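Copied from Swiss-Prot, the annotated features are:
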- Y32: site 'Involved in heme-bound ligand stabilization and O-O bond activation' (SITE)
- H87: heme b binding site (BINDING)
- 151-397: region 'Reductase' (REGION)
- Y192, R207, N208, Y209, S210, F387, F388, G389, P390: FAD binding site (BINDING)
- G271, V272, G273, L274, T275, P276: NADP(+) binding site (BINDING)
Amino acid sequence: MSASFSPHTITLIKSTVPLLAEHGTTIIEAMYHRLFEDPQIEALFNQANQKNGTQIHALAGAILAYARNIDNPGVLASAIERIAQKHVGYAIHPEHYPHVATALLGAIKKVLGDVATSEVLEAWGEAYWFIANLLKDREAVIREGIMTKNGGWIHWRRFVISKRIPESETITSFMLHPEDGGPVVPHQAGQYLTFRFDAAGMPGMKRNYSISCGPNSDHYRITVKREHGTGASAFLHDQAKVGTIIECTPPVGDFFLPSVIERPIVLLSGGVGLTPMVSMMEQIAEAHPDAQVWYVHGTQNRETHAMDAHIRALVSRHKHMKATTFYTQRREADDAEAGFITIDWLRANTPFQKADFYLCGPRPFLRTFVRDLIGAGVPAVQVHYEFFGPMDEEMAA
């Protein structure tokens, strides 16, 4: 990913870095205010992340990082891929980009005032369209890849909840079949679906849920923790029944198992972060009999431990798969380690520097293990992670 920005453009963009550091969130707030004057544009965004401010801070941080690296945008390649995948999930299309450009440049002018000269705005317009064109091109490739597969679709598709499976005190799985009776595009183990809940009386509410079953052309399974409040998880747990219709876009995401497994694999999860790991384990059990796999999971206790019996069954089917669970509230009769997963334990009980690590869990869990694994000598290219929510900074930072 190389850009041919002129030295003058680079100088102008970098001159705004101190101002973006100070006023970035104000600029993004003003940008969204302009965008959301159009209800059709507003509906594209996850309004929960708007209300709690996480998306505003995330985008402000991303724009600041872009400005700081305007002379070397290649360092943002992984972020570009994640954004493109997310845009496909949220059904964002090329025709939406001009609206963002107008709102962003207008917000920069409004907040920075006279500092935002015509030259500065022209430089930021050039920088915006460079990234926008990269995203549009990548999103087109992702969509084409989906549509060329049997069962592929674009936009929103209606699915029927065909089964509810209680997994723990707070976690339930939902089996989903397409209402139209057609096939579904097989996902890559680790990917997620994006749901909208307009029909449930929550317009603008969108959520990403990992697929927790192995790839197939018949159905998807999602496994959802009941969170506090009245959002999407509350609707699924308290109101959605067998026969309820929910809508989603096709599977996306850059966190998935490779088609060829060349190194030992360590799957590391905390809480409901186990969901993509179960999908990966099902895929490994089905298609990779010689893969060396260590699954390490942490949760509070037996009552919060979801899908334990299913995971044990998968391990029993695969001669090279091991699973260890840590309970922070372990009782004497529990078949689990006590306390928290540690780097020292992983170093002593897994291939460590020789392995590919796949991580999913709460933000503190991810931040700790991404940082500590790399700090302990695991190459960064062997540490893969999934996080749901705006990525306001790299986990290793």
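Positions of Cβ are set from backbone N, Cα and C atoms, glycine also.
Given the structure is predicted, the values throughout are model-derived calculations rather than measurements.
Taking the features listed in Swiss-Prot, we show where each one sits on the structure.
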| residue | record | DSSP (3 states) |
| --- | --- | --- |
| Y32 | site 'Involved in heme-bound ligand stabilization and O-O bond activation' | helix |
| H87 | heme b binding site | helix |
| N208 | FAD binding site | strand |
| G271 | NADP(+) binding site | helix |
| P276 | NADP(+) binding site | helix |
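Counting Cβ atoms from all protein chains shown, V272 (NADP(+) binding site) has 26 others lying within 10 Å of its own Cβ. Comparing P276 (NADP(+) binding site) with S210 (FAD binding site), their Cα atoms are 6 Å apart once rounded. Cβ contacts within 10 Å of L274 (NADP(+) binding site), excluding its own Cβ and spanning all protein chains shown: 30. The Cβ neighbour count for G273 (NADP(+) binding site), using a 10 Å radius and every protein chain shown, is 25. Within 8 Å of the centroid defined by the CB atoms of G271, V272, G273, L274, T275, P276, the record's NADP(+) site, lie the Cβ atoms of S210, T223, S269, G270, M277, A306, C360, G361, excluding the listed residues themselves. According to DSSP, Y192 (FAD binding site) is assigned to a strand segment. Proximity note: of the listed recorded positions (Y32, H87, G271), none has a CA within 10 Å of the CA of S210 (FAD binding site). Of H87, Y192, N208, G271, T275, all annotated as binding-site residues, the residue with the shortest Cα distance to Y32 (site 'Involved in heme-bound ligand stabilization and O-O bond activation') is H87. Neighbour density at the Cβ, taken as the number of other Cβ atoms within 10 Å, is lowest among the recorded positions Y32, Y192 for Y32. Per-site Cβ counts within 10 Å over the binding-site residues G271, P276 peak at P276. In this structure, of the binding-site residues N208, S210, T275, the smallest number of CB atoms within 10 A of the CB marks N208.
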